[in-house]
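Among the features that TrEMBL reports, region 'Disordered' is placed at B:38-57. Marked as compositional bias 'Pro residues' by TrEMBL: B:43-52. Taken from TrEMBL, the feature transmembrane segment covers B:432-453, B:474-497, B:503-526, B:725-746, B:761-779, B:791-809, B:815-833, B:854-876, B:882-901, B:922-945, B:957-977. Residues or ranges marked as domain 'GPI ethanolamine phosphate transferase 2 C-terminal' in TrEMBL: B:650-960.
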Amino acid sequence: MRHTEIKRLLSVNVVCIASIILTTLVPSLFLENFSVLGTHLIWLCICSASVGTGNVILYLIFKPNPSMRRNSIAHKVAKFIRCCVYFFVSCILFHGIIVLYGAPLIESILETFLFAVLLSTFTTLHCLCVLGPNFQAWLRVFSKNGAMSIWDNNLQITTMCSVVGAWLGAFPIPLDWDRPWQVWPISCSLGATFGYVAGLLIAPLWIYWNRKQLTYKSR
Amino acid sequence: MRLRSGVFASCCLLVQALGVGLFLRGFFPLPVRSLPRNGAAAEPPPEPPPPGLSSNWTKGPSPLFKKAVIVLIDALRDDFVFGSKGKQFMPYTTQLVERGTSHSFVAEAKPPTVTMPRIKALTTGSIPGFIDVIMNLNSPALLEDNLIWQAKTAGKRIIFYGDDTWVRLFPKHFVEYDGTTSFFVSDYTEVDNNVTRHLDKVLKREDWDLLILHYLGLDHIGHLSGPNSPLIGPKLSEMDGILKKIHTTLLSKEGEVASPCLLVVCGDHGMSETGSHGGSSEGEVHTPLLFISSAFDRRNGLQKPTELVQQTDLAVTLAIGLGLPISRNSVGKLLLPVVQHNTMREKLRYLHMNGFQLSRLLQENMPAYEKDPGFEQFKVAEKSHGSWMKLYLEGNTSEVLLNFGKKVLKQYLEALKTLSSSLSQQVAQYDLYSMVVGTVIVLEVLLLFLISISKALSARAEFEVPLSPPLCSLLFYLLCLTLCAIHVVVCTSTGSLSYFCSISWLSAVGVIMLVSGLLCVLLSALEKRFLNPKLLVKNPAASTSSWSELDVLILAGTIGHVTSLGASSFIEEEHQTWYFLINTLCLALCQDICRHYFLAKEHDLQLPSTAQMSPAEVRGTSSHPMKDVELLQDDLKKTRFPLSESAGGSEKWMALATPWVILICCRLLRSLNQTGVQWAHRPDFGHWLTSSEHKAELSLLASVSLVLIFILVQRKCSLVSKIAMALGLLGVYSYRAAIGNVVFPWQQDSKDISKGITEARFVYVFVLGIVFTGTKDLLKSQVLSTDSKVKFIGLWEIYSGLVLLAALLLRPHNLPVLVFCLLIQAMMTKFVWKPLEFDAAQVTIMHYWFGQAFFFFQGNSNGIASVDIAAGFVGFDHYVEIPAVLLTGFATYSGPLLWALHLLCYLSSDVNRNPAAMGHGCFCYALLHSIPVAAYIILVTGLRYHLFIWSVFSPKLLYEGVHVFISTAVCMFFTAMDQNHSRKGPV
């Protein structure tokens, strides 16, 4: 049971990583002059979109937290709308935090917002897929000792890694190397992406490593 | 000997300050300096007398040029004239350079490539050493011997138009002047038109001898859009037109009189590829230097590569050209091509004068000057000059005389070159021995700090300093003897000019004993720490248990900041590091608060046995004692919980909002003052507010800020100081109105601007009054009552007095910084630190971080230029040294100082909960200052031949050094307060 669960998790994560790698390679076949650094905004859009859709599809297939409650159409629609609202609010929130961190308020607002969307995709969308629009559950997962399945652990690790990656990505900006990737927000979004990928890789390994200590209790 | 951690920390910091002082003295050599100019100009040296005869030319040589025009174009890079841009946009100048009667050079400027030191170098011929820039921050007038002063003393009439730095450097030197300010960088046309508009009139007149023009427009364009901007071309063409106008007018005048005129074109510094300057990249350092005069031979198309000379050579060349005595501190050498058309006798005379002046400067600066090769060469040349004179006076005019003259000339040039370079080197020579001694002291203290962390931060807050056994040990005496022997060897061997060798014998031995004593104490403390197994078992359980995310962040932030000091860009942009760190700190606090208010409920619901692993624990070890501790903490939380529940909902929501409010405050402050280097040119609120169109907005902002300051400060003051505070703040506003920063609503168009001395002194009276009341309360609390409340009020009054002083001294648009500082402190205290019960160490570190961030919020940077010297003159008619230095220091470091004092207030109010809080706070504060300074000193020693050492690393070193001195004082104050408390305790 446990091993099959971890294998499922690993396969989901590998698909996610593959989708990110594809976003850097495939568009150059269709678009002229495409490169991650040169046309960074396009890449940001493509990457957010593909990771987002990938995540949604994967979690619809695997259903890590199957809900036992009623599944009427109206309920599903309401849930979907709530998800969208949550996602949008998180984009705005991330945008606000990035501006508070010192991003320019008005100039390059599009770059900042797309970076916020990317971060939301890596963190909020992932949460929405696993936990649904349930704020209490989020609080539970992100508090100490709150994880109730390996999916929750995976969520914790990837979210933290992407945020920390974005945080670390800001450090090269003041250096005077004059490299193309030092331009706002490239280093941060690359940092977030690398963090996310690292999180996806680390999570199954870490869970596998600690499988003895992990004893989940359902409420 | 058993010491409380506060006392221990202050002692250590005091020793460290000594070490830092020694290091700084070794790192910044005193500039090459002759005596200040004295009343009468020294007579020029006579020609070297030929043996047996006496020269018939004893008076100073007559001027070569009747009039001189110096056109200084700010930030004129050498390729703007000699490169492709010059060919394209400066056709007239290019033609002059290639075929005209001119001599062109590339002059090398020494860093710091900033206008003021460069003007000094051009006029005095000396190299303003780094420390010189600091020493002269306070005195705006140039007191050294210089060309302008010599010209004025010689009765020359000087006219100046351009950058008002000159007017400040040479007050009352010019018969006519018009200073333009270089404040509005975005203006690059008006600033030059203000110079050019006088030109037609002045060139027609005959009543001047020296005309100096300083054009700023090019520099402004560089700052705005860099050296490749499309604006550069038209500006260069404009300059070319001006040069053409001046040159043709001068030529037309020359027809009337015999003596020729001289036109000098130069730049003070260049610009880097981004358009800034201050550093030492090639573009910043290389500037063109053009001498144009009809006296020179016409060039015949033969294109020689332009010769590289020093910027300091201009002063001596001009002095000779204008027939003035050479400035005493000049290290420059005569540019021979400029006097090429003179006779051999004159040329030799000039070179002799130059060499005589240089060797006298060498005598004054170097005890062993006779051994210097330059001096020896000069003596030889002087002797052969004497024999040449003999031949000459005997009437010999053959080929022999000419060849012999050429030989003497060559000898002189060699001697000048060696003399000049050995004088210039003295500016850039490190006193390595003092540096090493200083570093050793600093490192020993740091290690002592690190070893004592766990003991000093324990509940007892005491540290056992093993003093008597190591001081009686053999090792100590052996070390002392060895070090003394090394000292003697080092000081006698190379004849080096180490400062540490020149101090008195007794104090040197004292320092040596200190070094070896510290080492012995360190060793025995280490031994005690690691060879005692009981301590080792006890410690980990106590230390690893409390590693929350906040602690990890604090540790990572401290280490990260220290490592970032190794990169010059991170030093230039250090404010970014601090802003980033305090933002992250606020978010971490937000998480902590959420956990405190929301998850306590969850803990209540959950059974205690559901202790599971979470990512936060990944960092720690998952041993059993830890889980126990965690359970204990959970229990504690539960017992605490009802308290926070009863406090009510509003407090909870305020607490949740606090980090976000602080984040918004910080974001606003960040856009108030752009600092650093890369983004310093970005528009910010500060410049917008200080520009003259927005006086009304600034007035409104200042008055609102002052009211807010009063509201925030008065809460905890006694009635008397409340009234004093209110009056003092009114005084601050009227001071601002008097000096013309702000306006009163009822006097819209009053023009009379004074220095506001009365108003400022009025405020000083209240500052002193409030501080005095505070001190009185403190003394009272110490002598009479045992209530810590009185002491807290006393401390708070001292704090509010300093807030008032800061309100007076800070730049007018920086009052909001003070408001936000007070606001953040109040919110943090009320909603975060007190309810969440952070321990003293954490609170101290947060205070330190905010203090550092506020240092930059108030517009400081790690460059020298951002120090506000005007603060030293507030309330004084003229420059008075000690108050000026103290006030400037306070104004610069007001952010960190106010936060440190607030820490003291907070901890003294917290003392009931945790009696050791003061000691912990003091220890942490000392440790936090000690780590970066020790790391930085080692770094700077390693990087002392780095390209940016003078432009980036040295200013930061000075800032760090001063900060250590200030924090030592603060730490002593801490300890004094702590002392009172503990003395009171047993009673």
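Glycine residues also receive a Cβ, built from the backbone N, Cα and C atoms like all the rest.
Here the structure is a predicted model, which means the values were calculated and not measured.
With a threshold of 8 Å between CB atoms, the same-chain residues lying at least 6 positions outside the transmembrane segment (B:882-901) that come near it are 137-138, 795, 798-799, 802-803, 805-806, 809-810, 817, 821, 825, 847-848, 850-858, 860, 867-869, 871-874, 876, 925, 962-963, 966-967, 970. When Cβ-Cβ distances below 8 Å are used as the criterion, the transmembrane segment (B:503-526) is approached by residues 15, 18, 22, 437, 440-441, 444-445, 447-448, 451-452, 465-467, 469-471, 473, 475-476, 479-480, 483-484, 487 of the same chain, each at least six residues removed from its ends.
Packing against the transmembrane segment (B:922-945) from elsewhere in the chain are residues 5-6, 8-10, 12-13, 16, 20, 23, 27, 430, 435, 438-439, 442-443, 445-446, 449, 453, 456-457, 461, 558, 561-562, 565-566, 840-841, 844-845, 847-848, 900, 903, 953-954, 956-957, 960-961, 963-964, 967, 970-971, 974-975, 978: each is 6 or more residues past its ends and has a CB under 8 Å from a CB in it. Listed as Cβ neighbours of the transmembrane segment (B:474-497) (distance under 8 Å, sequence separation of 6 or more from its ends, same chain) are residues 366-368, 429, 431, 433, 508-509, 512-513, 515-517, 519-520, 523. When pLDDT values are averaged over the domain 'GPI ethanolamine phosphate transferase 2 C-terminal' (B:650-960), the model yields 87.
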